[in-house]
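Per TrEMBL, the features are:
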- B:6-30: transmembrane segment (TRANSMEM)
- B:37-56: transmembrane segment (TRANSMEM)
- B:68-90: transmembrane segment (TRANSMEM)
- B:102-121: transmembrane segment (TRANSMEM)
- B:159-179: transmembrane segment (TRANSMEM)
- B:208-230: transmembrane segment (TRANSMEM)
- B:242-269: transmembrane segment (TRANSMEM)
- B:276-297: transmembrane segment (TRANSMEM)
Amino acid sequence: MTRQTARILALHGGLLAVLFAAQFVLPAYHHGNLARIMVLASYAIGYNILFGYTGLLSLGHALFFAAGMYAMGLGIQYGGLSPAPAFLAGVVAGALISGALALLALRTTGVAFMIVTLMFAQAGYLTILYFGEYTRGDEGFVIQTAQRMLWGINLSDPVNRYFAAFGLFAISLSLSLWMVRAPFGRVLVAIRENEDRVQMLGYDTYVHKLGAMVVSGTISAAAGAAYGLLFGYAGASFASVQYSIFPLLWVLLGGAGTVLGPFIGTLFMFYLIDLSSGVTTAYMLIAGVVLVALTLFAPQGLAGEVRRRVWRGLP
Amino acid sequence: MELGPYILLASLEGAVTAAVLALTAVGLSLVFGVMRVVNIAHGEFFMLGAVIAWWVANSIGGPPAMGFAAALVIAPLVVGTIAAAADMTILKRLEYDPERTIVATIGLLYILQQLTLMTYGPDARPVEAPFNQRLALPWIGRTETGWEMYYPWGLSTTTYKLAVIGAAAAVLGGVWAMMARTRIGLLMRATQADRDMALAFGIPVEKVYALVFGIGAGLAALAAVLIVPIQQAHYLMGADPLLLSFIVVIIGGLGSLPGTVVAAILIGLSDGIISVFFSPTLAKILATLLVGLVLVFRPNGLFGTRAP
Amino acid sequence: MSALLSTRALSKHFDGLVAVSDVDLDLTVGEVRALIGPNGAGKTTLVGMICGRIAPSSGTVAFDGRDITALPAHKRIGLGMAYTFQITSVFARLSVRENVALAARRRLAGGHVDSAVHEALAQVGLEERAGEEAGNLSYGHQRLLEIAMGLAQAPRLLILDEPTQGLSEGEIARFTGLIGGLRGQTTVLLIEHNMRVVWDVADRVTVLNFGEVLAEGTPQEIHENRAVQAAYLGTEAG
């Protein structure tokens, strides 16, 4: 193991250790917040694989998040599934839908890719509304405590919930760290930098992008399924444009194309909105201002700045 | 009502939608055509137009026509100025990089929308139309006594709705004349054709961009002022015009103004008629899927021939 | 001797403009072939069609006896072609090492990648720069990095598009030695403007003019060919 690798493992393992230990010291309010942040950060990690590492800006990831959430939720509500197979159903739904969308959307590039993903996600959102009889539309439906018993463990209990969220986050983070250092991830980064050249090195860039989109969509769906399961609710708002913009915002803020960026961005943005929503109902104003400010002044994001100024080897 | 008169009514309502949509979409199309900028905040400029119209009409008082006339002038100007300022402070500094400008205009969308929520509030508020006579419309149908012209119950429109259609047509004519006949239109077309060449010929491209972005937003605001007596002003009203404008611009051929107008009429009319048969949600699902698929398989738009 | 690469009646029209017309080109295994011709003669278009970057209007390309006209670029590279860009096209924000590693990883894994990277960088004299960001290299060094990326693929056919453009005298000498070292193992197709390099390294020379093959032969034959002198060398000699 090189020194570089040791440092990388120490940094990312250190974060996981801190998050694991935090559950014993945090007051209840922040304890609950952090569980939520870890699930949302997993969503951001999924988004980052496509946007940060492959350079494809999707405006439709809410489709994958909601696919996971609804496949899980509807599976419990109407299919009588228990949490484990329901979660699995969510993950599979995410993989299938992201694969299907990738087949269409990857025929386009740049701005067209953004609009295509936006449109299909919007169609997904409207479909949830259209089948309001089952999905309860904007209102959503509650997943009862009794339906959230995983192998005798009550997922609505804060301690268990934190632990489950931590598990999801640890897996997502490790997967993303492993992937971006593996040959597959290196090719994704190269595609982001110069797709034409990658092709002329003999790589099938289409297949790589397809793989990136499916991995990205599947992690997003796992986060969506976990969110519904842990917090006991599925609603159409999680499929709306806003939930496609959120991971973009978190990743931009934390640092696109860095492994830690999604977590950092989610953490900051969550508390920023949490604080401002105490002052005004127009808390999305903060999101707007941050988006504009980031594109203007810090397109690299927080972890990106660290990479640029302090440690160039930051993965 | 029978189906025939019902469809006539739907087409009339559709024509109003089409007129307003054409104005909004031409604004979006102009910005995309000349600047290659996809303005996600376009719907919010529409919303601002409606909200400012309410504000102007309310603070002026007097007869409804006076407030409305003032709004018709003030709202587009104010919105255009805001847009031009946003172009000069934000988009220009991003050097119009396509992806970064989209992210920035998403930010702008939330800023405008949420500032409106903070100041104007969450209520929907009406603006009174300057005139609003009901016009009953005749229909020729078969009755017991043979073919006959009669006035079916419910088949009517208003003078105001007809005026909206007329005003939109006049403004579109004005936009066409500006692009085709004036010096500023020539500068815009030159910038659209080749930005670098335009720069080399000493065209003040930055000013042209700010102007185009302002005009684009102003057109959306104008459309909103026209519609606000029919549909109330609300801080979330920008989403639908944005989506519909996208559909129109993409189907009409990206950046092509005549194509945009044709597509707006097509979509506006069919929107009115389709909603007779489908639920509005299903219609929207089909429309969004259509846009996505057109972009995938016909990236130059349904009627577009030129590469974008 | 068998042909590694053969094109038959390969043509490309852009909107009615003929860029390449009816080119038959045969490269035997192990030879170093130079492709020369005035600017706009269609050299880059021709190699673009050979490696799959540009779809031909008509004609065929065969590699190692197999018709590859319909294969996408990455599959042709997979068969053993490598192409280095005329306009430097390295991954500017990645390290020099990673640039070459990307090229090597297509066929190798694990520790073999590192040794292949090291070897390729040593061949072009960039091993000291391995840790630097490729975008920070000088133009000449970026050209050398391009070549190293080509070498790291260990191709059977190496296509170099104006590799010596922007190189210093010393670097050109090194490059000439490098190509000499490949002779017999790797077939090389070289687009080159620098006639000294052509005379030094090429086994055979093909001259392209207005998209057509004007002449083909040993450097000596081409040097003495009157048609070539008129079309090309005449202007070169000034």
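Positions of Cβ are set from backbone N, Cα and C atoms, glycine also.
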Remote residues contacting the transmembrane segment (B:102-121) - C-beta distance under 8 A, at least 6 residues beyond either end: 37-41, 43-45, 47-48, 51, 54-55, 86, 90-91, 94, 233, 235-236, 238
Long-range environment of the transmembrane segment (B:37-56) - Cβ separation under 8 angstroms, sequence gap at least 6: 24, 27-28, 31, 67-68, 70-72, 74-76, 78-79, 82-83, 86, 91, 96, 98, 101-102, 105-106, 108-109, 112-113, 116, 120, 125-127, 213, 216-218, 220-225, 227-228, 233-243, 245
Stretch of maximal Cβ-Cβ contact with the transmembrane segment (B:242-269) [cut-off: under 8 Å; candidates B:6-30, B:159-179, B:276-297]: B:6-30
Folded-back contacts onto the transmembrane segment (B:159-179), same chain, C-beta under 8 angstroms, at least six residues removed: 12-13, 15-16, 19-20, 22-23, 26, 30, 129-133, 135, 185, 188-189, 219, 222-223, 226-227, 229-230, 257, 261
Positions on the same chain near the transmembrane segment (B:68-90), where near means CB under 8 A and six or more residues out: 41, 45, 48-50, 52-54, 56-57, 60, 104, 108, 127-130, 206, 209-211, 213-222, 224-226, 229
